[in-house]
Amino acid sequence: MRILKKKMKLKGKVKKYLIDKLNDNEKLHFSLIDPFKINSSDELKYITKNLYNAGTDAFLIGGTLGVSKDKLDFVISLLDDYEIPKIIFPSNINLLSEKADALLFMSLLNSDDIYYIIGAQIVAAPIIKMLQMEVIPTAYVIVGHGGTAAHIGKARVIPYDNFELATAYTLAAEYLGMSFVYLEAGSGAPEPIRPEMISFIKNASSIPLIVGGGIRSVEVALKLVEAGADIIVTGNIIESDVNKAIKIIRGIKNK
């Protein structure tokens, strides 16, 4: 069991924290917390304590629908004692908070709407500067099912079996200077991204891969890690069965 420590000063150091872990050949796990789906502070404390003790490397905070600034700040404040990063996973510019340690500064590369590729980022940039937030440049690419994120973001989703197209997007992100590529099958996706796609991409690109959506078992998570995923994200399973989420985290961290 991890011991709860005094909060580390992570602001301005989150990207380095993650890259250092990856350079030490660690595989990482992010726990995605959707403030809209949290029913009480007691529920959140119970869930996050178990995720932290299992070894999750960071908390992602965000959701596609129904998240207010007040709810976002409230959730981040309840996570304040944990010495792992609290990173905002934004769906729009309303999800910004100086209380977080960092922000995934994302561009939805396969959107048909320029707003989600660069428009929202332009509007948000002065606010981020004012709040003095650390940004982690991240290419967001939606694959397969896509779910609500694909619908809202007007994404031209990449088919599960089109490995070449997914690789082309990943290489484009790498050449643009992004720090990470986040491959997303969508919240609650019936099928996760295929390990074969991950290994195909990894044969062509060296950029760290974040993979999420439809990951409901430790077996699936480990296949993705073995294929080359650097960071696994779980969200829905945390809400529906925290014990399964714990098994996934322990499987990844004990790999």
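Placed from the backbone N, Cα and C atoms, the Cβ positions cover glycine too.
What you see is a predicted model, and the numbers here were worked out from it, not measured in a lab.
Over in Swiss-Prot, the protein carries these features:
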type: BINDING; residues: Asp34, Thr64; note: Mg(2+) binding site
type: BINDING; residues: Tyr182, Leu183, Glu184, Ala185, Gly186, Ser187, Gly188, Gly213, Gly214, Gly235, Asn236; note: sn-glycerol 1-phosphate binding site
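Structure coloured by features recorded in Swiss-Prot.
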| residue | record | DSSP class |
| --- | --- | --- |
| Asp34 | Mg(2+) binding site | coil |
| Thr64 | Mg(2+) binding site | coil |
| Tyr182 | sn-glycerol 1-phosphate binding site | strand |
| Gly188 | sn-glycerol 1-phosphate binding site | coil |
| Gly214 | sn-glycerol 1-phosphate binding site | coil |
| Asn236 | sn-glycerol 1-phosphate binding site | helix |
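Of the recorded residues, Gly188 (sn-glycerol 1-phosphate binding site) and Asp34 (Mg(2+) binding site) place their C-alpha atoms 13 Å from one another.
Annotated pair Asn236 (sn-glycerol 1-phosphate binding site) and Asp34 (Mg(2+) binding site), C-alpha to C-alpha distance, rounded: 9 Å. Of all Cβ atoms in the protein chains displayed, 28 besides its own lie within 10 Å of the Cβ of Glu184 (sn-glycerol 1-phosphate binding site).
The candidate set comprises the binding-site residues Gly186, Gly214. Of these, Gly186 has the most other Cβ atoms within 10 Å. Gly214 (sn-glycerol 1-phosphate binding site) and Thr64 (Mg(2+) binding site) have their C-alpha atoms 16 Å apart, to the nearest angstrom. Applying an 8 A CB threshold to same-chain residues 6+ apart, the list for Asp34 (Mg(2+) binding site) reads Gly62, Gly63, Val67, Gly235, Glu239. All protein chains included, Tyr182 (sn-glycerol 1-phosphate binding site) registers 25 other Cβ atoms within 10 Å of its own Cβ. Between the CA atoms of Tyr182 (sn-glycerol 1-phosphate binding site) and Thr64 (Mg(2+) binding site) there is a gap of 15 Å.
When the neighbouring Cβ atoms lying within 10 Å are counted for each of the binding-site residues (Gly188, Asn236), the highest count belongs to Asn236. On the backbone, the CA of Glu184 (sn-glycerol 1-phosphate binding site) and the CA of Thr64 (Mg(2+) binding site) stand 13 Å apart.
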